[in-house]
Amino acid sequence: MLNAQQFLNQFSLEAPLDESLYPIIRDICQEVKVHGDKALKMYNLTFDHTKTDHLEISHEQIKAAFDTLDEKTKQALQQSYERIKAYQESIKQTNQQLEESVECYEIYHPLESVGIYVPGGKASYPSTVLMTATLAQVAGVENIVVVTPPQPNGVSQEVLAACYITQVNQVFQVGGAQSIAALTYGTETIPKVDKIVGPGNQFVAYAKKYLFGQVGIDQIAGPTEIALIIDDTADLDAIVYDVFAQAEHDELARTYVIGEDAQVLKDLESRIAKALPNVDRYDIVSKSIANQHYLIHASNFDEACHVMNTIAPEHASIQTVNPQPYIEKVKYVGALFIGHYSPEVIGDYVAGPSHVLPTNRTARFTNGLSVNDFLTRNTVIHLSKDTFEQIADSAQHIAHVEALYNHQQSILIRQS
């Protein structure tokens, strides 16, 4: 256990990306740009040990995955989809009916095409499809494309079922940096898209960073993280599994628990130690707990909030007797979960907001994915002659001050 000042003195995050990967990513992207599908099939064999004669999964296969899914899983995915859809519809920016006198305003248009990366790796993630494709669908994106790493037994049936529910247009079994390059450049089979979203490993994150500017991206994601503020009213057994739930994602997952009561933190520490040997996914959880788990003793409310805002975690959870004051004070987090019945895991699946959230302290300046990230926003300026005449002198004078005389002339010629 550390006191708040000790923690803050040593707190740092590793660079979110391993710079040594840069040459590898560059070479992969160039290979895909030049050789297209041939390169993708080669990388599937090299990295995923899977031979793929056909990169695209047919609509018949996608529908069959949904049709043959067990009813309980189907209902769970459907409920998640409905809640996500309803929430995103409620926050979607829309074009407003304007009075004729309004001369400056904004209009919104959906992106034309979006690529979604759905991780394979250590687990199957249909929730990633729901938390991304639903948003694109609500926005009105015309072409939604999913890429996901090939598996020896084929792409997860749950992932394909989620693609069916969200009306994804195309699904391709290709992953890693090569899939990001394919979505950026386009290949014989995979269409070029305008924006790529979705979480992935370091190769995926670095490819998104490398290709940003040629394609839009949501974020460059690092390891997942949660920070909790608790007091003596928190259910410590539940907190143990809030910690384990985050830790099981990745050996590098970070978990922080902040509290003003040192004894509560000690009790939690002993419960974690007792439960750890028998936890599912022990190999992953134990490494995360050993290397990336912190108990932090804060001296008061303000200090607890300061620690939370400094961490700026992807997920923040407040489980105290009176959580309301924290809602205003905790400012820099990806998502804020309040109370015993709002565990972070509910946000992973069915709460409604997307679980694609900023990591590595980027919550200090960016936000979680939403329907509005799949819209362009255009300003429209349509001035009357009267308004032009009221402001033209200022415009032409500023142009003169900046020595941009053709700018100035563009105004003057309209005044004459």
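Start at 1 and count along the chain as shown; that gives each residue its number.
Glycine is no exception: its Cβ is also placed from the backbone N, Cα and C atoms.
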Determine which of N95, N169, N201 appears in Swiss-Prot for the same NAD(+) site as Y117, Q178. N201
Look at the substrate binding annotation in Swiss-Prot, where Q246, H249, H315, D348, E402, H407 are given, and name the residue from T224, T366, T376, T379 listed for that site too. T224
I need the CA-to-CA distance for H315 (active site, proton acceptor) versus E402 (substrate binding site), whole Å please. 46
For a quick check of packing: other C-beta atoms within 10 Å of the C-beta of T224 (substrate binding site), how many? 26
In the three-state scheme derived from DSSP, which category covers Q246 (substrate binding site)? helix
NAD(+) site shell beyond Y117, Q178, N201, criterion: Cβ within 8 Å of Cβ centroid: P119, V147, P149, G175, G176, A177, S179, I180, G200, F203, V204, A207
Name the residue among the recorded positions H249, H315, H407 whose Cβ has the smallest number of other Cβ atoms within 10 Å. H407
Distance [Cα-Cα, Å, rounded] between D348 (substrate binding site) and E314 (active site, proton acceptor): 12
